[in-house]
Amino acid sequence: MLLGVNIDHIATVRNARGTTYPSPVEAALVAETHGADLITMHLREDRRHIKDADVFAVKNAIRTRLNLEMALTEEMLENALKVMPEDVCIVPEKRQEITTEGGLDVLAQQEKIAEFAKILTDAGIRVSLFIDADDRQIQAARDVGAPVVELHTGAYADAQSHAEQIRQFERIQNGAHFAGDLGLVVNAGHGLTIHNVTPVAQILAIRELNIGHSLIAQALFLGLPEAVRQMKEAMFRARLLP
């Protein structure tokens, strides 16, 4: 199983004081060295954390691959074609939200998503859609030509009871298997921590987890190398469990 380390909140800390540190590039390189299989960055329309220059700098520095999260807008499409990341994950975006609140509604935007997916694919960029684990959305993702889906794990991570967490986990598990049966590559992420990652990492249909906020939070106490190492180890151990 692959670990994508999202470095958005390195930029959040930097921007809080308007300094040049901590460096997203340095964070990306440290994460790579200690187990990250790819680096994920979300260039939001309001540029609240990652800036355009960060994306270019990280793309040019890393040895693994860049997964660029972006909204379904012409501006972001143009940026992606300039940066040429290995992967683009199209996500829903609202300016007033603190973080991404739900999955992309592919059913409501099939024509536009299909257009973007074709342009990116023709440019050699692999397209992923960040969606809820809903069979209709998963089928729509396949129909618009996206080869990859990233299942939104936020409801699982935020569940307020054990029963609700189990319900949300089963939804993710079933969605992952359904997507896999359709021939889609399945990733997952949002809200995952060292404490809740094990069940999700046990789902064999899921190839990759993208994790950011909790890793950066752990890094405040452990250091980024150890935070990445521990997460990677937790994912590895999960795959060994029966």
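Heads up, the Cβ atoms here are built off N, Cα and C, so glycines get one too.
Feature annotation from Swiss-Prot assigns 3-amino-2-oxopropyl phosphate binding site to ASN6, ARG17, GLY191, GLY212, HIS213. Taking all protein chains in view, 25 other C-beta atoms sit within 10 angstroms of the C-beta of ASN6 (3-amino-2-oxopropyl phosphate binding site). In this structure, ASN6 (3-amino-2-oxopropyl phosphate binding site) is part of a beta strand by DSSP.
Here Swiss-Prot flags ASP8, HIS9, ARG44, HIS49, THR99 as 1-deoxy-D-xylulose 5-phosphate binding site. Annotation for HIS49 (1-deoxy-D-xylulose 5-phosphate binding site): spatial neighbours ASP8, HIS9, ALA11, THR12, ASN15, HIS42, criterion Cβ-Cβ under 8 Å with sequence separation of six or more.
Counting every protein chain shown, 25 other Cβ atoms lie within 10 Å of the Cβ of HIS42 (active site, proton acceptor). As annotated by Swiss-Prot, active site, proton acceptor applies to HIS42 (among others).
Here Swiss-Prot flags GLU69 (among others) as active site, proton acceptor. The DSSP secondary structure for GLU69 (active site, proton acceptor) is strand. Counting only same-chain residues six or more apart in sequence, the Cβ atoms lying under 8 angstroms from the Cβ of GLU69 (active site, proton acceptor) belong to THR40, MET41, HIS42, LEU43, VAL88, CYS89, ILE90, VAL91, PHE130.
Among the features that Swiss-Prot reports, site 'Transition state stabilizer' is placed at GLU150. The number of other Cβ atoms within 10 Å of the Cβ belonging to GLU150 (site 'Transition state stabilizer'), over all protein chains shown, comes to 31.
Residues or ranges marked as active site, proton donor in Swiss-Prot: HIS190. Secondary structure at HIS190 (active site, proton donor), as computed by DSSP, is coil.
For ARG17 (3-amino-2-oxopropyl phosphate binding site) paired with ARG44 (1-deoxy-D-xylulose 5-phosphate binding site), the C-alpha to C-alpha distance reads 19 Å. Note on proximity: of the binding-site residues ASN6, ARG44, GLY212, the one nearest HIS190 (active site, proton donor) is GLY212, by Cα distance.
Following the DSSP three-state reduction, the secondary structure of HIS213 (3-amino-2-oxopropyl phosphate binding site) is helix. Within the set of binding-site residues (GLY191, GLY212), the lowest number of other Cβ atoms found within 10 Å of a Cβ is recorded at GLY191. Most Cβ neighbours within 10 Å among the recorded positions HIS9, ARG17, ARG44, HIS190, HIS213: this distinction goes to HIS190. ARG17 (3-amino-2-oxopropyl phosphate binding site) carries a helical DSSP state (H, G or I).
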